[in-house]
Structures are given as structure tokens and as C-alpha cells.
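Trainee: Sharing the features that TrEMBL gives for it:
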TRANSMEM  A:12-35  transmembrane segment
TRANSMEM  A:47-71  transmembrane segment
TRANSMEM  A:91-113  transmembrane segment
TRANSMEM  A:143-160  transmembrane segment
TRANSMEM  A:189-214  transmembrane segment
TRANSMEM  A:226-251  transmembrane segment
TRANSMEM  A:271-294  transmembrane segment
């Protein structure tokens with residue numbers, strides 16, 4: 001029972017991270033129709049900026065600000081310099097250009113920050129673990145991660161549903177010509193959304209950095225999972241991203257926890273270990289296939 | 001027509017003259033050996049790049065201590081970065097073989113080694129491995145020109161199994177990445193361990209978050225865990241293990257290379273209290289080791305890792321064999337016999353080759369703990385195996 005609760009928390013924490021990455025990606029994809037493979041790079045840039053800010057100032061707070069600023073500004077730069085010229089082009093051009101940007105960013109980051117990966121410690125306030133149930137200690141840092149994820153979800157809900165910018169974002173998703181005709185500078189709005197996506201990646205980066213490893217190419221690793229999340233959730237909707245992220249987080253953590261045990265009960269140990277390791281890796285793709293069979297547009301698409 | 005023929009004759013004549021000159025020089029002055037070039041292909045970039053740096057620096061240290069010579073023979077290193085890619089390494093090896101290099105070392109990873117060794121052996125060259133010792137080359141595919149000075153890959157894990165018994169761990173959980181070396185590691189451990197294995201948990205090779213696996217460990221409540229996660233994943237594992245509070249309740253046992261000196265610096269206090277099987281640590285108290293650690297620290301301002309020690313030993317072993325043939329690698333039988341005799345003072349203490357030209361050596365149980373200055377060091381607890389070879393030696397039939 002305790003194991004189950006702990007795995008649910010692990011799933012929530014992974015889901016929170018996926019949500020921060022997927023919400024920005026789904027806005028960019030759903031509203032502007034841009035396939036942006038550079039999205040994972042914003043996460044890496046955020047983590048690197050945080051690590052070096054913390055190393056030079058010693059303050060985690062400065063690290064958070066550096067991550068947000070670094071990733072957000074880099075996203076705006078990418079949009080202004082490259083992506084905005086591709087809105088009317090075919091998706092193939094966008095894939096090629098943003099793939100090139102991945103290579104460029106990886107090389108640039110290793111030139112600026114060096115080939116040796118930096119290390120970021122968990123800030124003293126969030127170190128160690130705390131008893132949430134009798135007999136169940138859970139790391140404070142991971143609880144904080146879940147909390148930040150919840151805050152982001154509430155914040156985005158408020159932004160999209162209860163502000164003028166949110167209204168324009170929703171309107172832009174439906175009909176960009178109409179919004180343009182109403183006298184709204186859609187170009188600026190797009191830049192803003194792109195920056196917001198980068199900002200959320202930076203937040204995920206600074207939260208993940210002390211828990212996971214900071215390295216060149218860390219963005220590409222999560223990028224595919226992030227795309228799986230928005231495909232499951234439905235392209236373009238923040239609610240879909242939230243549901244998709246939580247689903248993927250849970251399937252991943254519960255699958256990794258229970259699948260090997262179930263299979264070990266059914267099959268000889270040597271077969272069960274290899275088979276379960278393979279199945280666990282494939283579980284989220286199986287989930288995606290199952291969802292698409294029933295709902296080809298994802299669970300909560302923006303334009304149902 | 002005639003002019004080209006005559007010029008060709010002139011060139012041939014010239015070549016013959018210089019060739020005989022070189023030969024006569026070698027004959028007339030046998031005391032001055034020619035410079036031997038050693039192909040040194042290793043991993044210098046990527047997050048694992050520090051390992052290759054330590055290996056290169058330790059090898060260079062041995063050369064510098066001999067005044068640019070190993071065993072009195074002038075030595076030059078041809079260094080190539082493989083970036084952890086077997087294809088890069090193979091290309092570099094082929095280039096070096098064509099350039100006439102006959103002696104190779106340096107590779108750090110088993111999968112890279114598998115790409116380099118066949119090229120080298122096919123050209124009649126000699127390969128001396130300073131770190132990886134995969135089972136394939138230790139058993140049926142052993143070769144008279146292939147030597148391993150570090151350990152056979154399974155040996156550390158077998159030693160860990162013995163250590164777990166010595167520490168009276170009755171019930172353990174094993175964790176390793178799901179790839180060949182990971183599965184070999186756990187097999188090696190189980191070969192010698194006598195207690196109960198409560199669970200075998202395989203992680204993804206590029207996994208960085210172990211929260212799910214740590215929760216399973218907590219639920220299984222073993223006496224200890226044995227885990228093998230080299231490099232960055234190992235740092236993450238140790239940090240997350242400590243942060244989840246498991247470090248206080250379930251002791252961790254690892255093979256020594258899952259927590260080297262650089263990783264200790266990266267994990268901070270998380271390494272405190274971890275047990276490891278080892279062939280050497282920087283705290284080993286013999287004159288050769290003390291001199292090595294002091295010289296390495298003086299030259300490079302850092303503590304040598306176990307990789308550095310293995311590379312240094314390899315350099316000195318090669319030195320002893322070069323001395324025996326006075327740098328003439330064409331005397332292949334003599335050179336091979338001299339390598340096999342291993343007449344050098346090893347930093348790790350005792351050292352000898354088994355019939356498959358892999359080490360027969362002592363293994364220790366070590367513990368990472370704070371010294372007087374508050375730094376975490378790897379202290380030796382006790383010896384757990386003497387003159388231990390490997391499990392594949394009987395499969396090796398060398399002719």
C-alpha cells in the first residue's frame with residue numbers, strides 16, 4: 001500500500017515535469033501550427049543557466065531567475081531569428097530548421113559552458129525527505145516539484161481563460177486571420193507565446209537540474225515523451241497537456257514498479273526481466289496507440 | 001620512356017641506400033633504441049571524457065618519470081579521442097595500423113574495445129587493455145597478443161558477492177542498467193553470493209531518475225543493495241539514494257568504478273558510508289602507490305582515480321617489456337614473453353597474469369568515509385580475495 005502511494009507520488013512528479021514542457025509545446029504547436037523540435041533545448045538552456053548562476057552566486061533563487069530569463073529569452077530569440085519566417089511554410093521546413101537549431105544549440109551550449117557537465121545541489125531548504133504517512137518518507141525536492149507543477153497548471157488556466165491575452169490566444173488558435181483583422185498584432189502575440197513556452201521549459205529545467213543530470217542533449221531525451229504527451233492529450237489544449245502528462249507519468253511509474261513483479265509471477269525470472277524491461281520502455285507508446293484508436297484527435301483536443 | 005625508367009631506377013636505388021643505412025645504424029648502435037610509438041585511443045570528450053583524461057595523464061606521468069622513456073626506451077604517444085563511438089575508434093586504429101604502429105592501449109569502454117582489438121591483432125600488433133576486460137576476449141577468443149592489466153569485467157562483481165557474504169547481508173536487491181555489461185554484472189555477483197537475492201531491478205541505460213526503483217527497494221526492505229551504474233547515472237543514483245533517506249537504512253555496495261574520485265567530488269556527502277569492491281584505492285599504503293599518488297597530485301592537482309592507477313600500471317608493464325627487447329617490437333616472441341612475465345612494481349601491490357593473460361590479483365572491501373580533514377576517501381576495510389583469477393580462463397586455449 002505504501003509502495004502504491006509512493007509510486008503515485010513519483011508519477012505525479014514526473015507528470016508535473018512533463019506538463020511544464022508539454023504545455024508550452026502544445027500552445028506553440030496548436031496555435032501557431034509550428035512543429036518546434038527546439039523545445040527540448042529551452043529545457044537544457046534553463047538547466048545550464050540555473051547551474052551556472054547557482055555556482056557563481058550560491059543562491060537557488062537567483063538560479064530560478066536565471067533559468068527563466070535564459071530559457072525565455074533564448075526562445076524569443078529563436079522565434080524572432082528563425083521560426084517567424086516559417087509560419088506559412090510547410091511543416092517539413094519547420095522540422096528541418098528546428099532540427100538544425102538543436103545541433104546549433106547543443107554546440108553553442110558546450111562552447112559557452114564547457115564539455116564537462118555542471119552539477120547542481122538540492123538547495124538546503126529542500127534537502128532530505130519528510131514523512132507524509134507513517135513509514136513513508138518522501139523527498140522534499142520531489143514534493144516541491146509537484147507543488148510547482150500544480151501552481152503552473154492553475155496559473156496557465158487563469159492566463160488562458162481569464163485574461164485578455166488568453167482570450168487572444170484562444171481566438172488565434174481558432175482563426176488567426178480574424179484576430180489579425182481585429183487589429184491585434186498576431187506576430188507579437190506569437191513571439192509572446194513562444195517566450196512563455198521557453199519560460200515554462202526553463203522552470204522545468206531548474207527544478208529537474210538538482211534531481212537529474214545536466215548534460216548536452218538532455219532536451220532531446222524528453223522531447224519525444226513530450227510529443228507523446230500532447231498527442232495523447234490533444235494538440236493545442238493546455239487541459240489536454242495536463243491530462244496527458246499525468247497519464248504518461250502514472251503509466252511510466254506504475255509500469256516500472258509493477259510490471260516486472262507481475263511478469264516474474266508468470267514467467268521464469270530470466271525471461272521476465274528482459275521482457276518487462278522492454279515492455280516498460282514501450283508502455284507509453286502503447287498508451288498512445290490505445291488512446292488514438294479510441295480518440296484519433298487525443299483526449300481533449302482544442303478544436304473538438 | 002628511358003628517362004622515366006632511369007629515374008625510377010634512381011628512386012629504387014635511393015630507397016635501398018637509405019634502407020640499408022637505417023639498418024646499419026640499427027646494427028652499429030644497439031644501445032640507442034629507436035622511439036616506439038604507442039597508439040593511445042581513448043575517450044576524451046562526452047561526460048565520460050574525464051576518465052580518458054585520467055588515463056592519458058597517468059600514462060604520461062609514467063613516461064615523464066622515465067625522462068620521456070618507458071623501460072629506457074624513448075616513447076611517443078599517438079593520442080586519439082574516440083568520443084565513446086566504436087566507429088571513431090576503429091577508424092583511428094586502422095589509420096595507426098597503416099602508419100606502422102604495432103603497440104596499442106588506452107581504450108576505456110568494452111564496446112569500443114571490441115571495435116579496436118580485431119584490427120590491431122589482425123595486423124600482428126599487440127593490444128594491452130588498461131580498463132575493459134570483456135568475457136569474449138578472456139575465454140574462447142583469447143589471443144597471445146592481447147593482454148588485460150586491469151581486471152576481467154566480471155571480477156569486481158564476483159568480489160562484491162564475496163564482500164556481501166563477509167558483511168553478513170542475508171538478503172540483497174540488485175540493480176543495473178538493462179544492457180550486456182549490466183546483466184553480466186549481476187550474473188557475476190550471483191556467482192559468488194550465498195544469500196538471498198530479493199529482487200533484480202533493471203533500469204534503462206540512459207535513465208537519470210530512479211525514484212520508482214528506490215521506492216521498490218524501500219518496499220522490498222533488503223539488508224543491502226548492490227548496484228552498478230557507471231558515470232553520470234551513478235552520481236544521480238547515489239544522490240537520489242541519499243536524498244530519499246535510504247542511505248541511512250539500507251547500506252549500498254558497489255563495484256569501485258561506480259564511484260571514482262571525481263564522482264565523490266560530484267556527489268558530496270551522498271557517497272559517505274558506501275561499500276565498494278576494489279583492487280586499489282588512493283589510500284593504499286605501499287611505497288609505489290604513495291609515490292604515484294603524490295606525483296599525480298603534484299602534476300595535475302587532483303587525486304587519481306582507479307582508472308589513472310590502472311593506466312599507470314599498464315605504462316610500467318609496457319616499460320618492462322620494452323626494456324627486455326630494447327624497444328625492438330619486431331622481436332615479438334620476446335616482447336610477448338616479457339609482458340607475460342609482468343616484471344614491474346605494481347601500484348596495487350601484487351600483480352600476475354593468468355594463462356589467458358588477464359590479471360590474477362587480490363581484491364579488497366573498501367568503504368567511502370570521511371578522513372580527519374573532512375574529505376571523503378575510500379579506505380580499505382579488508383582483503384576479501386587473494387590471487388583471484390576469472391571465470392573464463394578454462395575456456396581459453398592459447399597456442
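Note that Cβ sites are derived from N, Cα and C of the backbone, with glycine treated the same way.
What you are looking at is a predicted structure, and each value in this text was computed from that prediction instead of being measured.
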Trainee: Are the transmembrane segment (A:143-160) and the transmembrane segment (A:12-35) near each other by the rule of at least 3 C-beta pairs under 8 angstroms (pairs 6 or more apart)?
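Mentor: As far as Cβ distances go (cut-off 8 Å, pairs 6 or more apart), the transmembrane segment (A:12-35) and the transmembrane segment (A:143-160) touch.
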Trainee: Using a Cβ cut-off of under 8 Å, list the residues of the same chain at least 6 residues beyond the transmembrane segment (A:91-113) that approach it.
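Mentor: Sequence-remote neighbours of the transmembrane segment (A:91-113) are 34-38, 40-41, 44-45, 48, 52, 74, 78, 82-83, 216-217, 219-220.
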Trainee: By Cβ distance under 8 Å, which residues at least 6 away from the ends of the transmembrane segment (A:47-71) in the same chain are close to it?
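Mentor: Distal contacts: 109, 113, 118-121, 123, 125, 198-199, 201-203, 205-206, 208-209, 214, 218.
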